[in-house]
Amino acid sequence: MLSNENLNSEEIIRELCACNGLSFEKIRQDGPATTTLEMFFSGYPKMAGLSYFPNLTQLILVGQNIHCIAGLESCHFLKELWITECHLSKIQGLHHCADLQKLYLYHNEISVIEGLENLLKLEVLWLNNNQINVIEGLDMMQNLKELNLANNLIHSIGESLDPNVQLERLNLSGNKISSFKELTNLARLPSLMDLGLKDPQYSPNPVCLLCNYAIHVLYHIPQLQRLDTYDVSEKQIKNLAESTVVKKIMYYNMRMKNNQRQQREELEKVRERTSKAKQVPENRIRALSFLVKNLEHELTDMKSSGNMQANIPISNKFHENNCDTEESNSQQSSERRKNNSDRLEQIHKKICALKERMIFWTRKLSEVEKHHEEKCRRMKDSFHLLDQFLQTELETVGNVRFEEGTAADSWFKSCYDLIVSRFCAMNFRAYGISGIKIHRIVRVHNRILRLKFEDKVQYWMDNEDLYTTESYKKKLEYLFYIFDPKLPIDKKELLHVLENGCNITRSSQLPEQEQVEAVLLTNSMSLCEGPRLEFLQKQAMNKSCDPEAFKDGIIVIAKVFLGRSVKARDDLPIKPNNYAKVNSVYRLQKFANSTFNSLNDEICSSKEHGNCDCSLRQCEWLVFDHEFILPEYVVEFEYISMEKSSGFVTPSNENAEDVSHDLKLDEDAIALEPFLKPKPKIISLDEKTVLSVARANIYSQITVLNLHGNSLSKLKDISRLNGLRKLIISFNEFSSLEDVSYLTNLEYLDASHNQVITLEGFKGLGKLKYLDLSWNKLTNSREDLHILRKHAIQLSSLDIRYNFWQKPASVLKDTIAILPSLTHLNGVTITEDEISEALQISSGSRITQASLLINARTDTVKPRCLNLLPSAQILAQFSKNCLDPNAELSNSWYTKITSLTLDSQNLVRITNLEKLVNLRWASFSSNHLTKIEGLEHCVNLEELNLDDNSISKLEGLSKLTKLRRLSINNNLLAGFDRHVIESLSHLHFLSAENNNISSLAGLQRGYKLIELYLSNNCISSNQEIYSLKGLNNLVILDMWGNPILLKHENYRLFVIFHLSAIKALDGVAVEPSECENAKDMFGGRLTSDMIAERIGHQRFTELQDLNWRTSSIRSIDLVPADHFRNVQTVNLENNNLTSFSGLIFLPNIKNLYLNHNRIESILPQQKSQSHLTNRQILHQKVSSSGYGQQGTSKGSRDTVYGEALSPVMQSLEVLHLGYNGINSLPMLQLGRLRNLKSLYLQGNEISHVEGLENLQFLRELVLDHNRIKAIAETSFAKLNSLVSLNLEENRLRDLNNLPPLLKLRKLLIGSNKIQEISEIEKLEVIPALVELSISGNPISRKPFLRNLLVVRLQNLQILDGILITAEDRARAEMYFMEQQSLTVPNAVMDLGNPVSTMIVSKPLPLRVTNFPLAGGAHHSLGADLHFNNGHEDIFQNEANKYKKLKNYTVGVGHNPQNTQDIALRQLRGGTHFPASYLTQQSGQARSQQKHPFNQENEGRCV
């Protein structure tokens, strides 16, 4: 046999030599010189003959049938080894190859990585295409640079690669990695540059099929250059991954804040219920305590009056129950002694009875508080679970998502009905449970498990040809997952189940027949919860379990594919090997180990089932493959207990009968004799009153003073009682104890049941030994305790119960630590253990070198992990870069510290950090800090957490210019220091929730802020939002729980409008529709807040002018209007107003400028058109339709715009409404402005002048640049005060209906369409006219017009902007005299009636010709002016018309007025002017009336 093996080895070696070009015969000579051997595809079944090649450096064996590695003992210089596709099953025999650098073992059957411990120089290792399940055995390979483990069976990475810090290339494609958490382990490989998880040559890992896979990898491994063979070295790609993750962290942080807010709201509800439950005990304690102190006061009076012996023991506290009496004064008579003794005994007996009742109610109160604390604890645990859900969502980048259901969700109702149907009250009767109340249902969306579930089911169905879709559905079931009943449901276990799937129960410690290797589920609530309740009930009997633990529970509902299922056999353990080709087994309820199985028959026949499905089979299911189970719902519930059921009665469940019985016992105790008469209350103290109460003659005699039960709030001159040793001031109204200061002999002070809020001013009580401060309103425990430590150094007994402490949990320990002289606290003796514990806590209240070594970390890079905790806390939990407390430390060890976490260390001050110059992340939450100090040298600090302290100011942060994140929740901040925020130029995250902040003024320069959390503060004014308008980077704002939300109805839209960059407000994303609604509501809205923002204060009464030109204002809301009572001028030109809006409420406004707006009316008009005629509607649609408002019926106008409308803005005198597009004056309702004096309406589209009848005081009216065609009868009829009227640039053809405006002095009608000279006559009805403009009309082309008007209108002083001088007037009169001499000789008429020849009915045309006129009599008319011959027959038809004119004389032609008439009639015929004359006239400048905004014209009346 041995010879055969040698023969085979020889043949193998010969084949080896042949394949490598070597001679077998010369192998001994040539072998040492050979460095490389190669064997491909058979011919080398085992590793033989390698000893002939001691200097071999490369060995390549491919496609052989080698099962083990051997024969390398002499290959000490081997550097590269290939054994691939060789059926190799184990790694061995490499320990002699210490110089090996490259090892290729791919395509084999290796299942374990082993035998590589000595390969310290190995740089390349390929183990792909094997059967490896676990990454292991690589710890010693610190030089490894390339590792290929593709196409194996690896499920997890863990910490197995942490030692391989030089690893640059890693290929894990084709494995079973399904969790993002596993990939985060690769972030600890600092040199990793090339990673493969779904290499195209292999199938992808399940994790690669999840959303955001690449984003997750690139964020955690930023140095990566290639991912899955793709180049990812571009900075843009890394930035995209970074920004995506940052946004997700912001999003989940916001949701975490939402959870915390909901938690606070729920806790507040619990506190309200607790407060209600405490009312009865507290009221009873107060009433009973008041009576006890009255009786004790009576005892003191009896003693002081000499009616009883001295040294009678008086009990002053609840725990003192000494009811013995002493004998009466021997000096009194026996009868007197007996009466006094009886009364004394009655008083003591009643005091004892009342104190017993006080003890009872105190115990009740403690039970309520204990129940409250337990309820709060369980509620916090519930919300903490939601926080963990969010953390899981973030870590899985949304591939595991939790959706909290509401009644509106269809799945919520289905799940709810399922739970109710699977709950049978009969099954829970033994535990005192009558029902179930569901608090929360959370739906689990696990994309990872769902993919596994679907793949597994699909694979099963592919191998089961007989199964159809319908049969598949029948195999699906929703079942309850059963946790270990002996352990409470741990959050980690619950999260593990929801994220990674259900665990297979392995009960190997049980007897063989009871062993289970499967996932345990059930379709019954009783089978799911029964074992847990039984276990808790047993513990409750032993008093080792809180009865409240019964009430709350959590269940997981999973979708289960049962596959092939059979009934469990009694004789076989439930293991996969015992049930071949079976996916699940079930066992009916009778097999379950439950104490209530005997009730089964009763259950099935009971009528108390309600809607439960207990008639169905209740059984347990055991599923062998956990991938057939998909957790879908998490349900939090509470059991409803039966009345008076043991283990479930809580203080809040007590019925009215019990309370009535307890109250009756109180009344019985109160009814005991003696009955004390009520004493008159003392409201203020004076010397007489003090002496009377103390029953003394002088102050020096007073040692005891009892002022119990009065209405005192001050103790005037109490310091004069130098001998006072005991003072009782309970049941008064003191808010401070400053008045009792410097009572140097005072030993006993009872100030219970008052309103004391602080001990500030409490001084000079060096002998005080007893102090009762219970039932007050103290809040700051440490501050008040330090006052007592300083000013009451001998204090031995202190009662501080029932105050409003900010941190009640630490009050007792702080009190014992701060006041070392105390022996009794809250009526209980302080034990040595309590003193020791308090001193231990106190000793740790300073930052020492030891605490720094324990809590510091030295990481140089911020942790790249998806976690919502502060960076310092993340490093404290996960980082291993700690300082060694046992090592010898040099002076430079301080500079290595980059992270420090000192949470819950009872710190009072931040000290000893001067040397931490490289500190970047720090957390000091849950301490007793009152100010920020000691951080001045930590200039590199980037994150700072100061939550849960007592800090009131941000002082001490100014030098932290690199600070990026600041959290200061649950403190006492009242605002922000502008200089501090300005110095924090890189701050982008600020959380200051649960403080006392009322102003945001200091945040105006926090330009880099992205996230701002300010919930539960005291912000109440909208104006505070303006302080944030400059924060253009602000994306998330949370102000929930501030008064501003309740005070302002449209708060949300208001904030969205003013902070345009915001994406989420109060935990809710801002929708595009909300942005539109905000613009509609607040766009262009002038409010008090806007004005305050501009002027910098809210002293609106100082304002006289408001100038908001060109501000895009659409509405005005200045409330309260009385604050603007001194405003007289408002300029809102160039805005978007459609009405006067809120301006009508300004009481004293005089000048209003609204040019260039869109004013439609004084008040907003209704949109309805029901009152309009068809013509009016058509005109509104098409302004050129020509119908205008002429179709408006008189009745309709009177109804809508008539005089019945009440006056508004009665102080307004000047109104500018130019260029508003106004087409209807009645719609403006200007008649309501009764005291208006100047009205400017230029540049509109007005075609009819109406609706001004009520403006009786109007003096100036401007209507130029409109579309007025005619003057109606009523246009100016009642404007009797009108002084100036401007109608220029309109379409007037005549001046009909122009009323006799007696006061009108200025009329501008230029640039209209007036053609007829006859229209000039109509101006004569205006007697006071001083200024007239008529240029730009067709009539103005007539050359005689100016002379005519000058002569005709004798009072006229300015015409077309040119002053009329005396010379002008004389020239005009001369002209008409000459005109008369010209026209009279040419007239064909009778001398007896000369005037008739000058009266014509037809126009006498004048024409310009080139024919010169002989003579010079008419030089003033121009050399080229001639009359047409057409005048010869102008009198033929007029003779009869004027026959009645008989009384004229021959000299009538010399009358100036008649001369003007003659000239006027001649001008009616028309005149043609020569070009030279027109040129001359056009050269004359005519001033045009303009109407710009001018403060000088505000109250002008011409």
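Backbone N, Cα and C define each Cβ position, glycine as well.
Summarising the annotation, Swiss-Prot assigns compositional bias 'Polar residues' to 1479-1496.
As annotated by Swiss-Prot, region 'Disordered' applies to 317-342 (among others).
Swiss-Prot lists 1479-1502 (among others) with the feature region 'Disordered'.
Sequence annotations record features per position, and here Swiss-Prot assigns repeat 'LRR 4' to 142-164. Sequence-distant contacts of the repeat 'LRR 4' (142-164), counting only residues of its own chain at least 6 positions beyond either end whose CB sits under 8 Å from a CB of the stretch, comprise 106, 120-136, 170-179, 182-183, 185-186, 188-189, 191, 196, 199, 201-203.
Taking the repeat 'LRR 6' (224-247) as a whole, pLDDT averages 93 in the prediction. According to Swiss-Prot, the feature repeat 'LRR 6' maps to 224-247.
What Swiss-Prot records for 296-320 is repeat 'LRR 7'.
Only residues 6 or more beyond the boundaries of the repeat 'LRR 10' (746-764), in the same chain, are considered here, and those with a CB under 8 A from a CB of the stretch are 286, 289-290, 316, 708, 724-738, 740, 770-780, 783-784, 787-788, 791-792, 799. Marked as repeat 'LRR 10' by Swiss-Prot: 746-764.
Residues or ranges marked as repeat 'LRR 13' by Swiss-Prot: 822-849.
Taken from Swiss-Prot, the feature repeat 'LRR 14' applies to 894-916. If you look at the repeat 'LRR 14' (894-916), the same-chain residues 6 or more away from its ends with a CB under 8 A from one of its CBs are 782, 810, 841-842, 844-849, 851-852, 855-860, 871-873, 875-876, 879, 883, 922-930, 932-935, 937-938, 945.
Per Swiss-Prot, repeat 'LRR 15' is recorded for 917-938. Counting same-chain residues at least six beyond the ends of the repeat 'LRR 15' (917-938), those with a Cβ under 8 angstroms from any Cβ of the stretch are 782-783, 814, 845, 862, 870-873, 875-876, 894-911, 944-957, 959-960, 967.
The repeat 'LRR 18' annotation in Swiss-Prot covers 985-1009.
If you look up Swiss-Prot, you'll see 1124-1146 marked as repeat 'LRR 22'.
Look at Swiss-Prot and you will find 1147-1170 tagged as repeat 'LRR 23'.
Swiss-Prot lists 1209-1232 with the feature repeat 'LRR 24'.
The repeat 'LRR 28' annotation in Swiss-Prot covers 1302-1325. For the repeat 'LRR 28' (1302-1325), the DSSP counts in helix, strand and coil order read 8 helix, 3 strand, 13 coil.
If you look at the repeat 'LRR 18' (985-1009), the same-chain residues 6 or more away from its ends with a CB under 8 A from one of its CBs are 257, 260, 264, 961-978, 1015-1020, 1024-1025, 1027-1028, 1030-1034, 1038.
Taking DSSP states H, G and I as helix and E and B as strand, the repeat 'LRR 13' (822-849) has 13 helix, 4 strand, 11 coil. Residue counts for the repeat 'LRR 22' (1124-1146) by DSSP state, with H, G and I taken as helix and E and B as strand, are 6 helix, 4 strand, 13 coil.
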